[in-house]
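These features come from TrEMBL:
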{"type": "DOMAIN", "residues": "23-315", "note": "domain 'Tryptophan synthase beta chain-like PALP'"}
{"type": "MOD_RES", "residues": "Lys59", "note": "N6-(pyridoxal phosphate)lysine"}
{"type": "BINDING", "residues": "Asn85, Gly185, Asn186, Ala187, Gly188, Asn189, Thr314", "note": "pyridoxal 5'-phosphate binding site"}
Amino acid sequence: MWRGLLHHYRDYLPVTDKTPMLSLHEGNTPLIPLVHLSEKLGVELYVKTEGANPTGSFKDRGMVMAVAKAKEEGSDTIICASTGNTSAAAAAYAARANMRCIIIIPDGKIALGKLAQAVMYGAEIVAIQGNFDHALKMVRRLSEMAPVTLVNSVNPYRIEGQKTAAFEICEQLGEAPDVLAIPVGNAGNITAYWKGFKQFHEKHGTKLPQMRGFEAEGAAAIVRNEVIENPETIATAIRIGNPASWEYAVQAANESGGKIDEVTDEQILEAYRLLAREEGIFAEPASCASIAGVMKQVASGEIKKGSRIVAVLTGNGLKDPNVAMEAMNVQPTVLPNDEEVVFAHIQGAVLQ
Ligand code: F0G
């Protein structure tokens, strides 16, 4: 039976005899081949569906490690800034570990499902009239002044936990893919994957992929090489103008022969619809930056035809029902509770 990341990858993680074996059975997520899109693009494309984690995003991998270590070190309170997924994971693992969880989020810029999770898991929620970068600055200062453990990805245990996704990909494919495509927000995840691929390669000779990270155009600080004061994108999860792991992301791209690139909101939404309609996979908008990026770079020739690519789908589509309803602009047809009327309508639809 799968017992979660701390059990399964114990030898690769800072797990000691004193570490509580916290688990919501995170990790071990599916790697799914995209049959239609692969054919269309002339590549071998897979998605790592991190939305299958217990709270619906990749954040569970890092959070299980960070919260277990906080508990081990005697802390009773964790704190984080978040665009939504980090706070959902923090709140869940804090509940599981019987700890207090405080989250600071940008008011009005959190997807509904993520906010619902923080509420349900019992976090103390502060919504500031500012963005993620402001919130992160606040929690960093606060954690220096008060006895609370910061669980944003500047906490090295988060990166340790998140690197396990790279291990799983190598195990699922037998070796690393040619290209790893991943959305970039605060840049912790691309940092973690690169660390994971390198560590697994050293131990098992599984090779190294090109790391290709994608920011949203309105929040593309790394691509522009400047802090964006007012980042904007429909992909609220990556609405970040001053990524904390900026230099590590650049390093991952450079060392691996990859690139940090940007995609527009239109490209993100196109990938979002395509993935759902043609592959049956519903990922949240920020996740689809990876697919949008693959489409962009296959078209430009930067990703070669025939490449084996893994795109990371970082979060579940159900997290953000509002963007889905707005993007599709489809409303159910309301009819009376009458078989004849309903059948006539369906037949009409079929014959059209
Ligand atoms: N995709 C999703 C769904 C995310 O929630 C995030 C980050 C990213 C991609 C980017 O990952 O920051 O490691 O580069 N969400 C953070 C949060 C910021 O607060 O939930 P990153």
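Every residue, even glycine, has its Cβ placed from backbone N, Cα and C.
Overlay of TrEMBL annotations on the structure.
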residue: Lys59; record: N6-(pyridoxal phosphate)lysine; DSSP class: helix
residue: Asn85; record: pyridoxal 5'-phosphate binding site; DSSP class: helix
residue: Gly185; record: pyridoxal 5'-phosphate binding site; DSSP class: coil
residue: Thr314; record: pyridoxal 5'-phosphate binding site; DSSP class: coil
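Within 10 Å of the Cα of Lys59 (N6-(pyridoxal phosphate)lysine), the following binding-site residues from the list Asn85, Ala187, Asn189, Thr314 place their own Cα: Asn85, Asn189, Thr314. Each of the binding-site residues Gly185, Gly188 was scored by other CB atoms within 10 A of its CB, and the lowest score goes to Gly188. For the recorded pyridoxal 5'-phosphate site, residues Asn85, Gly185, Asn186, Ala187, Gly188, Asn189, Thr314 set the reference point as the centre of their Cβ atoms, and the other residues of that chain within 8 Å of it by Cβ are Phe58, Ser153, Pro183, Val184, Ile190, Ala237, Ile238. Taking a C-beta cut-off of under 8 angstroms and a sequence separation of 6 or more, Asn85 (pyridoxal 5'-phosphate binding site) has the following same-chain neighbours: Thr55, Gly56, Ser57, Phe58, Lys59, Lys114, Ala237, Thr314, Gly315, Lys319. In the predicted model, the domain 'Tryptophan synthase beta chain-like PALP' (23-315) has a mean pLDDT of 98. The C-beta environment of Asn186 (pyridoxal 5'-phosphate binding site), restricted to residues of the same chain at least 6 apart in sequence and closer than 8 Å, consists of Phe132, Leu136, Asn152, Ser153, Ile240, Pro243, Ala244, Ser245.
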